[in-house]
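Undergrad: Annotations per Swiss-Prot:
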| type | residues | note |
| --- | --- | --- |
| DISULFID | 70-76 | disulfide bond |
| DISULFID | 99-109 | disulfide bond |
| MOD_RES | 79 | phosphoserine |
| SIGNAL | 1-24 | signal peptide |
């Protein structure tokens, strides 16, 4: 990955990444091609291993929140009821997005990852707004570190103008629809959003190992 400086990150997200840096693999164990050196600035480097560590950290936070919301009930965690109730089309990485071993294309894959994570930004805001106060901090951590991942991956995209950005109008209409749900359905929707983000990040992590 490219060199990134401390000022590029939100405080919480940067702290998480710095903690990962302390336990990252030694440079001698990093594969050739894991990052591009920028000799014009004396900035810290974040390798594929470290980015994978950040994704793992976010996945752990998501799983913990899902377990809390479902009280550890496996049926609750695996339910997709809210998907059919709302006709939600949450971001997902498909075979033709260039992120899988067969047909891998780094540029196309990174565009999909960034576009998808930016779309999740809206859904994570809904999640945070509808959680109890004692769970909002964890939601903010997930939000902040997801933003960090967007920033990191965006630096690797040649044509960043091709990133698909959600429109404010469509977001506003969808937010109104989601907020109008009954409380029990809002809770299921939160669970579904977290589950979808979890799967999205798992595919993202596997794709980072392709390079």
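Residue 1 is the first one shown; counting continues down the chain.
Backbone N, Cα and C define each Cβ position, glycine as well.
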Undergrad: Please identify which of 76, 109 has the densest Cβ environment, defined as other Cβ atoms within 10 Å, among these disulfide-bonded residues.
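TA: The residue with the densest Cβ neighbourhood is 109.
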Undergrad: 70, 99: which of these disulfide-bonded residues has the highest Cβ count within 10 Å of its own Cβ?
TA: 99
Undergrad: If I take the Cα of residue 109 (disulfide bond) as reference, which of the recorded positions 70, 76, 79 has the closest Cα?
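TA: Closest by Cα: 79.
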Undergrad: For residue 99 (disulfide bond), identify the closest of the recorded positions 70, 76, 79, judging by Cα separation.
TA: 79
Undergrad: Where residue 70 (disulfide bond) and residue 79 (phosphoserine) are concerned, what is their Cα separation in Å, rounded?
TA: 10
Undergrad: Looking only at Cβ atoms, how many others are within 10 Å of the one on residue 79 (phosphoserine)?
TA: 15
Undergrad: For residue 109 (disulfide bond), what is the secondary structure state per DSSP, taken as helix, strand or coil?
TA: helix
